[in-house]
Amino acid sequence: MSHLLEMKNVVIEGLSGRRWQPIVKGVDLHLNRGEVLGLIGESGAGKSTLGLASMAYTRGGCRIASGSIVFDGKDLTKASRSELRNIRGVRIAYVAQSAAASFNPAHTLLKQCVEVPVQHGLMSYQEAAEKAVDTYRRLLLPDPENIGYRYPHQVSGGQLQRAMVAMAMACQPDIIVFDEPTTALDVTTQIEVLTAIKEITRQFRTAAIYISHDLAVVAQLADRIMVLRDGELVEEGETRQMLANPQEEYTRALLSVRKTRRPSNAHALKDDVLLEVRGVSASYGQGVEVLQDINVKVKRKTTVAVVGESGSGKSTLARVVTGLLPPLKGTIVFDGEELPADLKARDRESLRRLQMIYQMPDTALNPRQKLRTVLGRPLEFYFGMKGKEQEDRIIELLDMVELPPEYIDRYPTELSGGEKQRVCIARALAAQPDLVICDEVTSALDPLVAEGVLELLQKLQDRFGMSYLFITHDLATVKAIADEIVVMWQGRIVEQGVKEEVLTPPHHEYTELLLSSVPEMDPDWLDNLLARRARKRARRRPDGGPGRPMRQPAPAASYNR
Amino acid sequence: MAFWNLVRRSPWSARIGLAIIALNVFAAIFAPLIAPYGETEIVGDVWAPKSADHLLGTDQLGRDLLTRLIYGARNTIALAFVTTALSFLVGSLCGFFAATLGGWVDMLLSRIMDIIMAFPTLIFALMVLSVVGTSIPAMIVVIALLDSTRVFRLSRAVAMDIEVMEFVEAARLRGEGIWWIMRHEILPNAMPPLVAEFGLRFCFVFLFVASLSFLGLGIQPPTADWGSMVRENAGAITFGIFIPLWPAAAIALLTVGVNLVVDWFLHMASGLKE
Amino acid sequence: MSPLKELIFKRIAFGALTLAVISVLIFVGVELLPGDLAEAVLGQNATPETVAAFRKELKLDLPAHERYLAWLSDFVRGDFGNSLSNGRPIAGLIGWRFANSLFLAATAAAVAVPLSILLGILAALYRNSLFDRTISMVTLTMISFPEFFIAYILIAILSAELGLFPSISNINDQMPLWEKLYAVFLPCATLTMVVTAHMMRQTRASIINILGAPFIEMAKLKGLKRLRVVVVHAFPNALSPVINVVALNLAYLVVGVVIVEVVFVYPGLGQLLVDSVSKRDIPVVQAAGLIFATTYVLLNLLADVLAIISNPRLRNPK
């Protein structure tokens, strides 16, 4: 039997300057009817480019240089414009990463959904609208009859993403290309969307190409997985087989991500408190309290992880501790002394002892400063170090974060993401701090790179004994490095304590939800989870109720910048 | 040297632009050395045609047109340059302050600038000049002040964009003062858009000065100036003598040149970002 | 109040404030005149009596704020006082001239607006094509030219060489419309060229901006026809910036007439303003300046309000 989609030796090039550079370097891909294929890879692997090429589409500045893309017996690289039009949206549909940007702000959801079948002359408006409402219902969108009359900016991120899945389903296509559809979502919302995708592809036996950087997510949906790296295929295989027995070193590395854990050492130093946040409430004006009565203690040489989803107030907590946002109530006590609420009132010494590392190393480093300046300035500012002494120390710092000494005269733009983050760590180290606030420091990095950064942070803690206040939404990170955990939800602490205690049941309801929502490297994880949640719901509500997912705390407006 | 490397890789349009600017700057600086006659020297008949002695002919008083053009370059360009520089000094300083300080300073400055910007520039300048009389310093101050509102807007917006970057926050957390942050964190990153804007503002100011002179309200005779040369010789055109087109073309040429270079620069700067 | 109404209300309030400030500035500007206006105008030979009479006529004997209010209320009622140079009522000088200026600006706008939107959209759609590059080169050149350069080139070619159109555009009320249009052909062409260049570039930029949005890629991946992508998906989002561009350029046009009027000796308000500035006929300058400024502010206001209304996100609040 021939495949539904077969791409042979596809080369896609992108224009960089005046030269064409290959992005996808001769990849073969096939997809059978009803099959879900996962495309896995880090940023720059060419997975999105390849996914779009299945519709014979390339983004601006790119072209399909060679190879064939045969869909249902027809080579799309040789198809005319109108032939392509009749395939796109109708037989192969696309679901983008950012639903907010991919829906037209000028039209309602329903209008954009029915547009596909109506414009292709497949259904009347009435039929299409009824079908859309039916799909909304299947995708468990609230108020399916009326949600279609809303505009994109009037619904939440998770709902919008499901509405886009509904739009892709409008013509019951043979294939849907999912391009990182859950990457921008919180874990609890991610489950909703994953469930929706799984259900709908199963019900209609739709084939799919699912693109993601997260192997655990792909494992839930895909029958088969292709691992891509730098535009080339690394490994391909059945999902279960690949998870159980990866052939390539690179795949093994991707799989072992999130396996690192260490026992907490919080008990060792019981009362040596370095930072204490006492009864802090904060707001950005407008009367809404983003933080309510927060109490956190960070002991010397330990890591406290603050976990929560967007809108939980975890980043606001960091801003209060650093003095960027003076709290409404409460105090910050550092090493036994109360710190002034406002950054401007703090003395240089206490500023030095409290350093910060950010999420985006790209924006955290001034692109116009060489590393010599980036690292030299704190040395000069805090210790008056100059000249040769300064240069020696900079090279020492670079060495601590495992970067070669010749980087001293490089600009941040010449470094990779992981290297930049290491520079940010070195900048914090330069001040010889007692406490480092790490705000989502690994979220913007590829999994393997993130792993390396986490290991480095632990190594440095063992060596220099500073404490970390680790702010993250990623529970895998928390499991890896925390000694103590603080779980936040909507500006409040719902649970806190030593890692082992928080991670062992019984949990607070929200902690439970959060913990159970983190995908695991197990193809049955999502099914098991849904079954477990359904059982629980049935126990709680004897009548069974409609098949709605567990009610979750609605994500409040995002306060995380 | 880096500059020459850039030029070697530049498109032809940018090279033409650079050549035009170089020519004008050269003429402006060395006017007394290269001009064949004196600035106000009457050397021939009124509106004499081109000849070996007078390569471009003579003007309405019988002065050598080429000489007038060369001196005109000096006066007009210098005036426009000084005005633009002043406008940038005021505008970008206020813009950076508004962005870094925020709060009421930002509010106040922004409102004032908004109101000035709501004025049509030419009308405002005309009214001020009617009140204080036409004088070069008055003109410089008025135009610079009006123009600085545009610079303010841009530099404030640029600074705000940089301001929210975490490297600025990192500098704040380190305890750096506002001057250090402006000088070392914001300014280097604001340079490319500001340099491009300087080119565009120079064009605008230059055209504006020329227009005012053309209306008889700018540089006053007998000083050579391109705008007033057009005005003084305007009558010739109805006799089929195209003398006023020379200074007008000179104005146009320089603006085109600057625009070409700015275009190239913007193109390069956007490439740098990627 | 809905956010939309609130935004519009705020914008209108700001417009009113701007007008108030402008009127105060124009008034105060005259106050700042070195020496006394009466002496400045009448010269040193004036007798004390004539100076006193003159001061009374200009209400210079009243305190400043009373004079401001009197001046403003007169102005609103259409009484602009008398010209210093010939003593005639300014209202009579200004009225028909302003109408002439508007006629010129409107004619230019009628050509320039559709032309530049069309060219802008075409250039954006066929970006980097020969057509786009040519037109962007031409418009770049055009915006670099001073208005009077374009004007004199047109005169040199169409008037002096070919003798097709008059180089001096004189119009009056008795002329039939087509004759008027013929008379204003050259100034109108000059204005059109200048404004079209600006407007077309801005239109192109905002359309290209929209065409790069992810929702346009989505529309293409839905297999929609190119025309539908442009008309249904790009256009409603481009409307707001394009309307803004048009209105801003109309404002520019109204002021831009000043120089063109001078070149073509066109009997408009701009010509009068420039003449009065050189004669230092302050009341006329005040009146003409205030009229120009008001038109400009109102058009800018219109631009912003229309842009707010045509923004889909603001029209359909949460």
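Here the Cβ of each residue, glycine as well, is placed from N, Cα and C on the backbone.
Keep in mind the model is a prediction, meaning the values are calculated, not measured.
Positions annotated as domain 'ABC transmembrane type-1' by TrEMBL: B:73-266.
Marked as transmembrane segment by TrEMBL: B:12-35 (among others). Counting same-chain residues at least six beyond the ends of the transmembrane segment (B:12-35), those with a Cβ under 8 angstroms from any Cβ of the stretch are 66-67, 70-71, 73-74, 77-78, 253-254, 256-261, 263-264.
Here TrEMBL flags B:77-102 (among others) as transmembrane segment. Outside the transmembrane segment (B:77-102) by six or more residues, the chain places 24-25, 28, 109-110, 113, 136, 139-141, 143-145, 147-160, 163, 178, 181-182, 186-187, 190, 194, 198, 201-202, 205-206, 209, 219, 225, 254 with a CB less than 8 A from a CB of the stretch.
Per TrEMBL, the feature transmembrane segment maps to B:122-146 (among others).
Non-local neighbours of the transmembrane segment (B:198-219) in the same chain are 75-77, 79-81, 83-84, 87-88, 121-122, 125-126, 129, 134, 136, 139, 143-144, 147, 150-151, 225-228, 230-231, 251, 254-255, 258-259, 261-262, 265; each lies 6+ residues outside the stretch with a CB under 8 Å from one of its CB atoms. The transmembrane segment annotation in TrEMBL covers B:198-219 (among others).
What TrEMBL records for B:239-266 (among others) is transmembrane segment. For the transmembrane segment (B:239-266), same-chain residues at least 6 beyond its ends with a Cβ under 8 Å from one of its own Cβ atoms are 10-11, 13-14, 16-21, 24, 47, 56-57, 59, 65, 68-69, 72-73, 76-77, 192, 195-196, 199-200, 202-203, 206-207, 210, 226-227, 229-231, 233.
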